[in-house]
């Protein structure tokens, strides 16, 4: 390869890496802030137990904030389920999707760690880890998480589709998250986002129950006995003494399956695009990203015309 070709390839690689790095940091930051504010609203302070409406509004505002800040940098996925949906819809490459998910999980851990560090010890016991209510079976909980995530991802696609609108999707996506919490809190604490469940579970040392079948049993009203796990969402205290289980499939399989179904419904039924198989493969492997950068490079390297030169050319043409 000629030296000039090597220089061009190096520049293209640097430009692509800079773009991806900014996007990864945006996903890391957005997910961390989302977990910090959202989970923080569900902490059980004895003086003021959180209500379902308070939690829903806080998650709404947190979502709108992080989407507004990062949607032009990374697309504001802030959720592994959303990233998977974009991958299925051929709107993101596989390497970028994997990197996004890693950044989101890391951001969730950091956000949960920060919240844990600034919260008093008697308040931060379970850090609002998602749990399943005693009267809800594992199958019902999975179905609830699937439906909640399906409506969220459909809203994300509709709000970010350039064919539909060019305005900021922050308000509509935030509304969709609030809608899910108004229903899902009573079933599973409402995850819709594996990163939201993952971060707090790691920080409080309950990472094993995030994956394995387990059960928690409270012996008094939640928040009254130190060291005893309790459900994060029980505003009226009606679940005191109840048995809670945390099957592994709920906060991963439920949201991820709902995201895949939403992507198929939107991209192949409601608003199908015209991408060919070759184009989809290029997007999947990341080849299209390099082609996009290559297309921008010549335009950047073109010499800008000098106004004086343009005026002189016009004079010659007149002559």
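FYI, residue positions are counted from 1 along the chain as it appears here.
Cβ atoms are placed via backbone N, Cα and C, with glycine included.
Note that TrEMBL annotation is computational and uncurated.
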>> Please identify the range among 130-149, 150-169, 170-189, 190-209 that TrEMBL labels transmembrane segment.
In response: 170-189
> Counting Cβ pairs under 8 Å that sit 6 or more residues apart, are there three or more between the transmembrane segment (97-118) and the transmembrane segment (12-36)?
Replying inline: yes
> Hey, which bits of the same chain come close to the transmembrane segment (12-36), Cβ under 8 Å, at least six residues off its ends?
Replying inline: 62-63, 65-67, 69-70, 73-79, 96, 99-100, 103-108, 110-112, 114-115, 193, 195-196, 199-200, 289-290, 293-294, 296-297
